[in-house]
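Features as listed in TrEMBL:
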- A:190: active site, tele-phosphohistidine intermediate (ACT_SITE)
- A:503: active site, proton donor (ACT_SITE)
- A:297, A:333, A:455, A:456, A:466: phosphoenolpyruvate binding site (BINDING)
- A:432, A:456: Mg(2+) binding site (BINDING)
- A:7-127: domain 'Phosphotransferase system enzyme I N-terminal' (DOMAIN)
- A:154-226: domain 'PEP-utilising enzyme mobile' (DOMAIN)
- A:253-541: domain 'PEP-utilising enzyme C-terminal' (DOMAIN)
């Protein structure tokens, strides 16, 4: 019988395919006494061999899809499987204690896991997870249980899982994975962002996908409306095929605008740029006609790793992005770590209020040995394109000045070393802490540009954690308080002849776009897939008309009034 | 038997990536290879052994190699340490 699940459309598009449950199998180990120990040893060898060949595949895939870097962890996993101390300890157990291979594996693995977990260094403690991961794989072969790994999928499917971790998504192959549905997550969760950059439809936050959808069931994902149809009838499938064709046709219409400028109905140009996390994301930026990169989140270079990325590694990544953008502007945000984004190898202290704590520029100014190599890498890359650098989480003018001074200091050093550096690098800052929006006039005199980070600006202004369901209603992008701050920043910048961009989900939102256009925003940076819809929308809007509503909108009492007003005026 | 002491200059100490390279450098040699740190000795052919030492920046570690290809192995290992920026 057909069932419908509602969730959040994280990535638009429609797909009909088979459900593929990605879940942790139960791996129960019993102790058994074995007489034929030689056979047991053979069984163990066989399981190790199978695990090794599986890991080789995963490693190769990670290498070709994500680079050497992300594949390194699998090289370490492979070494665990041929570690003489590990293997011999298991074999000795089987031979001497006459126990089954599963039990020997579990005992030995636990011994190592305990040893790592007892170490006083966070990084080492986390290595226990690597041993667990590897052990699970061998154990599943011994028990004859199939362990599902997204990298092993080789037919067209839709993945159903509670959530997708970064390492799961790292293994997804677009050729086979046609979409996914998760129980948890929202539009800005990791899996949703991944889906948009892979351009596959996804519905997240369904709460009950894993308890409702069986492996192999036929399902439809409607990423436009955030719906999942389970076991649809022929009729419904046909209906969605029609909808899919219409959506594809719409996409073709959008595609016609790929090489067009973004100009409003009354002839005003604004820049539509994209947010990216890795150099690979540039494909999508170019395919969707991005006029620049408005936010390059450099954290991804630092995450999912075992140590800081080297200056050289960073240089290569920045150079690649700048070269591929061929002179179009690329705004790079320096390391924004801390808060919810942790790096195990830095051993950052746990905090009561991580979002109000030691993060981003605050961390970088204290840890110049981390900050300076990034700045050097950026400066060295600057000659390969149109680089702009911005600092995250600036609260005071002193912070901006200090960060800028370090940047200029590194520039001087490079010049002394005879390394070329561009002289046209604009230096700007994120406006995400309300203090900087309020004092925008003072900041505007010293920066080359502002980029408004709405996700944080909204949560700091409303004092509400957007991940907390109880208070997420306070996450109101259209609230007059937020719009007033945005307007203030734009006015202050324009008075000084500086430009203002916005990065964050709000910049590509169909309700926010007309408001922001009217307020005079210069650059809109969004997910690559939002660019063409936004360009289509802006071509129909008159900037002058929208500007004339400004005072009326800013004087409104509630976000709902603003939304109702815009809907009426725009449609 | 040959012995050599190394001072670890890598800021991060011996993490998984350099450990992987060291193990790979000695995994298939005939000699027995051990590393000693903080009075604890482990088999250097074992990634978990070397990781379990928890070697940090500035640590002095001793490598002991004995077997038919001990000299050659020590040379290769020293080179691997250098290439990885682990020790000078």
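Just so it is clear, glycine is given a Cβ too, placed from its N, Cα and C backbone atoms.
Just so you know, TrEMBL annotations never went through curation; they're auto-generated.
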When the binding-site residues A:432, A:456 are compared by other Cβ atoms within 10 Å, fewest goes to A:456
Report, in whole Å, the straight Cα-to-Cα distance of residue A:503 (active site, proton donor) from residue A:455 (phosphoenolpyruvate binding site). 9
Measuring Cα to Cα, tell me the gap between residue A:503 (active site, proton donor) and residue A:432 (Mg(2+) binding site) in whole angstrom. 10
Name, in the order they occur in the sequence, the residues of the same chain whose CB lies under 8 A from the CB of residue A:297 (phosphoenolpyruvate binding site) and which sit 6 or more residues away. A:275, A:276, A:277, A:333, A:336
For residue A:455 (phosphoenolpyruvate binding site), the number of other Cβ atoms found within 10 Å of its own Cβ: 16
Determine the C-alpha span of the phosphoenolpyruvate site listed in the record, that is the greatest distance between any two of A:297, A:333, A:455, A:456, A:466, in Å to the nearest whole number. 22
Measuring Cα to Cα, how far is residue A:456 (phosphoenolpyruvate binding site) from residue A:432 (Mg(2+) binding site) in Å? 5
Using the alpha carbons only, what distance in Å do you get between residue A:466 (phosphoenolpyruvate binding site) and residue A:432 (Mg(2+) binding site) once rounded? 14
When a 10 Å sphere is centred on the Cβ of residue A:333 (phosphoenolpyruvate binding site), how many other Cβ atoms does it contain? 25
Across the domain 'PEP-utilising enzyme mobile' (A:154-226), DSSP yields 18 helix, 19 strand, 36 coil
If you average pLDDT over the domain 'PEP-utilising enzyme C-terminal' (A:253-541), what do you get? 93
By Cβ count within 10 Å, point out the most packed of the recorded positions listed: A:466, A:503. A:503
